[in-house]
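Sequence annotations record features per position, and here TrEMBL assigns transmembrane segment to A:189-212, A:232-252, A:322-341, A:353-371, A:392-414, A:495-521, A:542-572. Here TrEMBL flags A:189-618 as domain 'Anoctamin transmembrane'.
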There are 2 protein chains.
Amino acid sequence: MNGNGEEQTSFEIGIVVPKRAVKEGDEDSDCVEVLVDEFKKAGLIVERVLGISDEFIKLAAPLETLGRATAELQIKKPTHIGMDLPFVWDEIEAFVKQPDGSLFSWCERYQCYNHLLYGIVNRSKLVVTLKYDGRDIHWGLGESLLRRMESEGIVKQVFPLHDEIKRKQLLRSWALNWWDFTRQPIDDIYLYFGTKIAIYFAFLGMYTRWMLFPAAFVITLQLVDFRQSQLLTLPVFFIILISWAVLFFQFWKRKNAALLTRWQINYPVGLDLRYKLLDMEKFSLQSPLDLIKKLGTDKTQEKEAYQRYEWLGRLMRFRNDAIIILSIICLQLPFELAYAHLYEVIGSDLMKFGLTAVYLFAIQYFTKFGGRISAKFIMYENNENREYRADSLVYKVFGLYFMQSCIGVFYHALLHRNFKTLRQVLIRRLMVSQILENLLENSLPYPKNKDCESGSSTEKIQFTSRVEKEYLKPTYSAIVGEELEDGLFDDFLELALQFGMIMMFACAFPLAFAFSALNNLTEIRPDALKLLTMFKRPVPRAAATIGAWLNIFQFLMVMSICSDCVLLVCLYDQEGKWKLEPGLGAILVIEHILLLIKFGFSRIVPEEPAWVRANRMKNARQAQDVCSKQLLRSISGEKKMVDELKKDD
Amino acid sequence: MNGNGEEQTSFEIGIVVPKRAVKEGDEDSDCVEVLVDEFKKAGLIVERVLGISDEFIKLAAPLETLGRATAELQIKKPTHIGMDLPFVWDEIEAFVKQPDGSLFSWCERYQCYNHLLYGIVNRSKLVVTLKYDGRDIHWGLGESLLRRMESEGIVKQVFPLHDEIKRKQLLRSWALNWWDFTRQPIDDIYLYFGTKIAIYFAFLGMYTRWMLFPAAFVITLQLVDFRQSQLLTLPVFFIILISWAVLFFQFWKRKNAALLTRWQINYPVGLDLRYKLLDMEKFSLQSPLDLIKKLGTDKTQEKEAYQRYEWLGRLMRFRNDAIIILSIICLQLPFELAYAHLYEVIGSDLMKFGLTAVYLFAIQYFTKFGGRISAKFIMYENNENREYRADSLVYKVFGLYFMQSCIGVFYHALLHRNFKTLRQVLIRRLMVSQILENLLENSLPYPKNKDCESGSSTEKIQFTSRVEKEYLKPTYSAIVGEELEDGLFDDFLELALQFGMIMMFACAFPLAFAFSALNNLTEIRPDALKLLTMFKRPVPRAAATIGAWLNIFQFLMVMSICSDCVLLVCLYDQEGKWKLEPGLGAILVIEHILLLIKFGFSRIVPEEPAWVRANRMKNARQAQDVCSKQLLRSISGEKKMVDELKKDD
């Protein structure tokens, strides 16, 4: 990462085609050969590698090719005055460079590759007939060759390649850096993986660092043996905890804003990225616009069309949400309760074990099925872009998992009102999740990876097998809806469920904080290693915040206020009298105070640091100073022309 | 309002100086004469009117003078491509005109007048000695003449003048239009009074219109005599009510956004006007910037300076809020409780009457004193502009009044748990406020105003007296902090207290909705009349939303969820057992559901209509399309120059 990252162009995209023998005369019309020729014509650097069972086409793009594609796509890039402007090759000096000195971010490069690869269309006036293994393939007019070959099954996969040099650098400075787990080279992660993954790791790091405070607190409490004064310390602990959580999320928002400013990513006020993302992908709200063109230019009709479209979309989404919520309550809830009840009723340990196995088996299918249905539903919503759709899915699937992981514990907490068994259940749950997780993550074959690295740049054959090895690695994708979400979904889900579990039952089992702090500390590096060695390089995503997950964490915070109050009531009301004595009244008061803290505190800490704001203000002013004269002239010129035309009519 | 409102320039500013005899030889150096000369030199149209005891200088500004001042102030105005750009006289065609065809809004005109009037400074190299009534007045170098004369007491007042023609039009179409009280000519109000007042009346109109639903609902309930099924209908009514309030405020935000779009006022996403207003007034966050200049251009030091400044400001504000809240709790609460208690204890009606009189007298001084202290406090906060300061005051003073008006009722509700007396107290309070209000508003001498209008454009003498009459009218200002808030404060306070009262005790006295709907219906026109006839024309304000009041209304909504639940508990728990039986448990559940509705529903209705958003998007795109090329060239040109300079070094 030394100043001129763009000059040694590395291969970043791999295409997989089956190995086959090409007949002598067919070379001109063999579709793979044509594809490679077209790639070369498009200005890409091509390297072909023969693997054991497949052939790999590795692609790299020189700066010029990327620049041309960016200009064609009219991608907006931040300039030195802080405004995002469409890229123009001639004015390259005006655009801000990435932290490592390269001009384009990984996300932009990926967009360009996509444009270049799928932009190879038949520009001649005839249908071109190509050969493949004796078969004839008709390349229609204006049809994308790559897409055609994908649908014919000739191109097995197009996937982003790891950059060996940078990957090894990251391995050393990040995944295999066994010192201060919460410190991470976020900038390098951003450069290599894009915003979304970098933001996830920044969040994970900060969350873990903040988690150490309550963990230390509960350990101290445990050492002092607070059992004697439990009735007093628990509410105090509870209030401190909620304040801690509220402050954490406010400071996270600030950190997010600061990170984006450091990476020169412009974002709108309040981190509301809807307006930002609309620029990136196609604005699908144009559908009513098309309608409007038919209707003519009547202003009120335009307004009505928009309103109809807007409310229809809302209704659609509301319906979907209602269906999901109802099916969770009507189908999942009885199932979970039945399991929890049976588990309590059954005496023998063996039976219990069997029941749990059946349950785990059933629930796995259940959640997968639910996730698929949610993904289907989302297709019918008019969400305006990919990140929006993803958020909608996140909410729905989180609902499923949340219900699954918490309802049993709730059952224990409320029906038995026995803190001891509740604690046991919690420990079991946390332990099980930790063990399962560690099993998964320790199945990473550390030494095997070491092998693969050591021989990374020696001989050709080793090199060949590396591409193939990468191809054989799994894609970084979520359990549900591969096509919609990447693996971050699982990691966030895990974090959110953990957060929910420890916060909601904080009063029953404060030590959970220590457990989960330890868990998170030991999770950062394996997560990093997983990304760098286990999977294909993930497709970069444009999202610049943690999106829907922030709302989910906030929701969990409110839930935990309520549920912890219920637990406190149980604690004070051991005899089950349910009498609203001063103690219980005090708990109600505490609940309301905490809700106030939740919704009031967030106003005390502003979401955006003052320097970020000042920076943005300066930028906005500069931009307007530069262009206002020019703009005004062109506007008034246009206005005059229009007026004159009107006079002529 | 016929297409060319700017051409007949009307007198919009009045200056009052005492009537005096000027000696023959002193005319050249008489300071009033000099002032008038300077006004004329500045391009203003001056008319001098002799009143009974004072002399009035009426000022008007032709379009050109205004344009020059606007350009000097670099006021940003919306252009045809939807972007705000600094005004330039040559490119006048590029700027959007007001709905009545004039170029400048009243708020902009007022800013220009201020700039022109107070911008008359001594540009010579000597201190000029002016005469006034024999006294010598030394006009220092670079000193503003008007300010000097104000401090000497020669200029008694500078105030905006009513525009007779437009005022009469508004009287006819608005204040004296006794048909469909909720329909108001909002656009004309905006043109005449500016954004803030127009937004208030739009809010009042919408609030009243929406209020008719619950009013009709409670009247129906009353007619059906729901007393038998009270235990069932009350919670249902309560849930409907909260949903109604949540929806109302969401739809109000939409309406606000739509209004601003109609008036071509650009605002940032989420109606967060902080960022907008920073442009309007001086950006006082520059103080750390000054500091930074001294420190040099070190980035981290800059960041630290900003952070220190930011947190110091927060701390300051937090301290002030804490002092206010503590003093309300420690001083006001015991006082109010003492009154409520005494009122209950005392038997005779005469004593009660006397006590109430003493209380009213004391409370008036108390709130005034509290308001003054709050205003003082705010001076020490580093609020970034006037609207911010005003918001800070609104929160503090509202706290005072809220405590004052509700604590007594709470006392009755909670300690006596007698719905009948609570209802009586509520009726008394609502009646008293209505009667007091009507007394105040009916003290408007309707016929007297009629007089003054009829003779508005007949003879010179009548005309003279009109200016003087206007001068003698009171300023449109709030009870507390005249210098910080205008009369809208009182009106909003009244609305908010009413809203709080009827919502918080909705379950005890649903009919209050019918009362207050009636009250609001009859308040719109008198409010309008008050503004048009009773007061001087108010100084226009830049605020484009209802600001702090929205937050207060939201807060009241949450408060009312809690307090109504307490009332329901009292209702179900007549015997005072405080046993958490199913009924009481259900109320707790209802409370949580309602809180969920409050914080969840607001997500269902977007704050900004889709067409407004589409409009904004279109504008943003257009602006960038026009200027991106030019901008890029200038940025990269600058960059190259800087690079070359660096090389030379």
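Using N, Cα and C of the backbone, Cβ positions are placed for all residues, glycine too.
Outside the transmembrane segment (A:189-212), and at least 6 residues removed from its termini, the chain residues within Cβ reach (under 8 Å) are 1, 5, 98-100, 102, 105-107, 110, 163, 166-167, 170, 174, 181-183, 244, 248, 251-252, 255-256, 259, 263, 265, 486, 488, 491-492, 495, 513, 516-517, 520-521, 523-524, 527-528, 531, 537-538, 540-546. Same-chain residues lying 6+ beyond the ends of the transmembrane segment (A:353-371) with a Cβ under 8 Å from its Cβ atoms: 324, 327-328, 332, 335, 339, 342-343, 346, 393, 397, 400-401, 404, 479-481.
Counting residues 6+ beyond its ends, the transmembrane segment (A:322-341) has Cβ neighbours under 8 Å at 355, 359, 362, 366, 370, 374, 377, 396, 399-400, 403-404, 407-408, 411-412 in the same chain. It is A:542-572 that, among the stretches A:392-414, A:495-521, A:542-572, forms the most Cβ pairs under 8 Å with the transmembrane segment (A:232-252). Proximity of distant same-chain residues to the transmembrane segment (A:392-414), defined by a Cβ-Cβ separation under 8 Å and at least 6 residues beyond the stretch ends, is recorded for 317, 320-321, 324-325, 328, 332-333, 336-337, 339-341, 343-344, 363, 366-367, 370-371, 374-375, 377-378, 381, 383, 421-422, 425-426, 429, 480-481, 484-485, 489, 492-493, 496-497, 500-501, 504-505, 508, 547-549, 551-552, 563, 566-567, 570.
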